[in-house]
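One structure below.
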Amino acid sequence: MTTVEMGIPTVRRSVSLAGRPDVDHLVDRFGRVARDLRVSITEKCSLRCTYCMPEEGLPAIPAQNLLTASEIVRLVDIAVHRLGVREVRFTGGEPLMRVDLEQMIAGCAERVPGVPLAMTTNAVGLEHRADGLARAGLTRVNVSLDSVDREHFARLTRRDRLPSVMAGIRAAARAGLAPMKINAVLMPETLSGAADLLEWCLREGVTLRFIEEMPLDADHEWARENMVTADRLLAVLGERFTLTEHGREDPSAPAEEWLVDGGPATVGIIASVTRSFCSDCDRTRLTAEGTVRSCLFSDQEIDLRSALRSGADDEELAQLWRGAMWNKWAGHGINADGFAPPQRSMGAIGG
């Protein structure tokens, strides 16, 4: 058992499968099945959002510790064909920081045809790569965007890059990377502009989802008494729009949806803290260093990279992955007494 850098939790090379049923898919002890794979491919980012990264950025992961494009393609292949994963999303950091992203997408598209390949991005620089990514096989993008006011955006991200983001969003739409969703983190600093952001999304024809801020900030300054809840947001949006509760599009979807002014447009709210959906979670996460993380808030990761580079075959890697998910917690525990946030920030884990 070894410990690695950046405050990463204990990394194990084996796990207990005691009591696990003899099935191929990624089932856990609470009956949940992981079908949605999030693959973080870098810790680097072109922005410095206050809730995600410190101003100086995250410590660089040594190049030899990062999964290569071919290694990621192989693990995605295993996840789909041996473990039952049905959707793959590439995250960061910022995925566009990888110069081999198109190669990675193309390799996955060839190995797992028909499986949706999505990406969460800040869209900085996307205008130059949207067409190539679409040709490689990328299906759609979610864009992280907390404000459409340039000055406010610069304060939140510590970078004046809103024009590039807007150009990237338009380029993605032209390239057919749809349906596109905008993700915005709920904070006191973003609440006043929430209605303006929704207005902009309605005009642009993209779906907006607000996400309650979780204790995953790099500076570890999150405090429950300062967080903006889903109920508070609904009250603010209700001053400008008529919102009608619409529920979830499927039980495992994290966002509760509301019709806006009678529909068909909707706005989603992911109330990760106040309305936890852990009991329906269907996600499994692969970090940029090649470890499986069963939950954003897990204190352990299972090392696939070492096994992969030591000659493990596909079934051996799949079995390690199954063990990681079998031991997934019942929930994130944010509301429990004695909760301790993970040392990894969201930027280091991958969204």
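Heads up, the Cβ atoms here are built off N, Cα and C, so glycines get one too.
Copied over from Swiss-Prot, here are the features:
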type	residues	note
BINDING	Arg38, Arg89, Thr120, Lys181, Arg283, Thr284, Arg285	GTP binding site
BINDING	Cys45, Cys49, Cys52	[4Fe-4S] cluster 1 binding site
BINDING	Tyr51, Gly93, Ser144, Met214	S-adenosyl-L-methionine binding site
BINDING	Cys278, Cys281, Cys295	[4Fe-4S] cluster 2 binding site
DOMAIN	29-254	domain 'Radical SAM core'
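Projection of Swiss-Prot feature records onto the structure.
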{"residue": "Arg89", "record": "GTP binding site", "contacts (Cβ under 8 Å, 6+ apart)": "Asp36, Leu37, Arg38, Val39, Leu117, Ala118, Met119, Thr120, Asn142"}
{"residue": "Lys181", "record": "GTP binding site", "contacts (Cβ under 8 Å, 6+ apart)": "Asn142, Val143, Val206, Thr207, Leu208, Arg209, Gly268"}
{"residue": "Cys281", "record": "[4Fe-4S] cluster 2 binding site", "contacts (Cβ under 8 Å, 6+ apart)": "Arg32, Ala34, Ser252, Cys295"}
{"residue": "Arg283", "record": "GTP binding site", "contacts (Cβ under 8 Å, 6+ apart)": "Ala34, Asp36, Leu37, Arg38"}
Cβ neighbours of Thr120 (GTP binding site) where a neighbour is any other Cβ within 10 Å: 20
Cβ neighbours of Cys52 ([4Fe-4S] cluster 1 binding site) where a neighbour is any other Cβ within 10 Å: 24
Spatial neighbours of Gly93 (S-adenosyl-L-methionine binding site) among the binding-site residues Cys49, Thr284, Arg285 [C-alpha, 10 Å]: none
Length of the line joining the Cα atoms of Cys49 ([4Fe-4S] cluster 1 binding site) and Met214 (S-adenosyl-L-methionine binding site), in Å: 14
Binding-site residues (Ser144, Thr284), the one with most neighbouring Cβ atoms at 10 Å: Thr284
Rounded Cα-Cα span from Cys278 ([4Fe-4S] cluster 2 binding site) to Arg285 (GTP binding site), Å: 15
Inter-residue Cα distance where the pair is Thr284 (GTP binding site) and Ser144 (S-adenosyl-L-methionine binding site), in Å: 20
Which of Cys45, Cys278, Cys295, all binding-site residues, has a Cβ with the fewest other Cβ atoms inside 10 Å: Cys278
Of the binding-site residues listed as Cys45, Cys52, Cys278, Thr284, the one whose CA lies nearest the CA of Met214 (S-adenosyl-L-methionine binding site): Cys52
Local confidence of the prediction over the domain 'Radical SAM core' (29-254), expressed as mean pLDDT: 94
